[in-house]
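Going by TrEMBL, these are the annotated features:
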- 25-263: domain 'G-protein coupled receptors family 1 profile' (DOMAIN)
- 12-36: transmembrane segment (TRANSMEM)
- 43-71: transmembrane segment (TRANSMEM)
- 77-100: transmembrane segment (TRANSMEM)
- 121-145: transmembrane segment (TRANSMEM)
- 165-191: transmembrane segment (TRANSMEM)
- 212-231: transmembrane segment (TRANSMEM)
- 243-265: transmembrane segment (TRANSMEM)
Amino acid sequence: MIPSSCFLHPWDIALCVTGTLISCENALVIAVLFYTPTLRAPMFILIGSLAVADMLAGLGLILNFVFTYLVDSSVEFVTLLSVGLLISAFSASVLNILAITVDRYLSLYNALTYHTERTVTFTYVMVVFIWVSCLTLGLLPVLGWNCFEDESTCSICRPVTKNNAVALAVTFLLVFALMMQLYLQICKIAFRHAQQIAVQHQFVAISTTKGVSTLSAILCAFGACWLPFAMYSIVADSSYPAIYTYVTVLPATCCSVINPIVYAFRNPDIQKSLWMACCGCVPSFSLRPRTSSDV
């Protein structure tokens with residue numbers, strides 16, 4: 001039962017609805033990958049890891065809503081649990097997107113040796129590193145890196161301290177810069193391949209141009225979702241109006257809504273599995289093979 005002193009804030013409702021959508025979308029991706037034995041390539045391992053991260057982020061948004069309106073949010077443990085889950089999940093989501101970008105780059109740069117056991121091992125190492133790092137970040141507030149003892153040190157996301165929020169935001173900016181550099185290299189390699197295949201020059205040029213446009217759209221969408229929140233985390237603190245935090249947080253959470261569409265549902269093998277699960281048929285448009293570097 002919602003306490004009488006509390007009222008449902010529209011922004012909190014929006015975040016809870018977004019979290020529900022995120023959880024459902026990514027649970028579907030995880031189910032498809034889990035029940036399809038053929039989807040075990042490095043690309044699908046990373047897509048699955050991203051889906052788990054985004055699903056946890058969605059659940060974190062739902063729990064945050066529950067803790068705010070149905071549980072006594074003044075209990076420090078409740079707040080720390082909610083914030084820790086959100087930090088771990090969203091950090092893992094961002095780093096998994098970076099890992100997918102690295103995978104796409106390697107699949108083009110080392111095309112001849114990409115499909116080897118070494119690649120699978122490297123992928124698992126990346127996934128383990130991502131989750132260990134992000135779980136550690138999520139535990140920091142619990143281990144004392146919080147602003148409960150000094151409210152003046154709080155960031156826009158209480159109980160995370162201003163210094164920790166700035167560190168996370170700067171790390172995100174570095175990740176985004178690295179992604180831009182990798183996508184630039186991917187575009188260079190793609191255009192180089194197009195020039196080398198003289199017989200298919202016209203077809204490849206059109207395909208490459210479309211691929212570059214898609215890559216640009218993905219990068220712009222990622223930046224549009226996360227950059228406002230990252231920049232605001234650097235310049236603002238808990239004294240700023242809460243409305244500004246909501247305005248920047250909501251687009252960041254929407255990135256986890258977009259991720260399944262960009263990285264999973266557009267993949268022809270996942271499309272095939274979905275159609276098989278839904279109606280037992282496979283439409284002809286989903287049968288075109290793609291490499292892991294496709295977007």
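Placement of Cβ uses the backbone N, Cα and C atoms for every residue, glycine included.
Keep in mind that TrEMBL annotations are predicted by a computer and have not been checked by a curator.
When Cβ-Cβ distances under 8 Å to the transmembrane segment (243-265) are tallied for each of 12-36, 43-71, 77-100, 121-145, the top count falls to 12-36. Remote same-chain partners of the transmembrane segment (12-36), defined as residues 6 or more beyond its termini with a Cβ less than 8 Å from a stretch Cβ, comprise 44, 47-48, 51-52, 54-55, 57-62, 64-65, 68-69, 246, 249-250, 253-254, 256-257, 259-261, 264-265, 269-270, 273-274, 277. This prediction places the mean pLDDT of the domain 'G-protein coupled receptors family 1 profile' (25-263) at 86.
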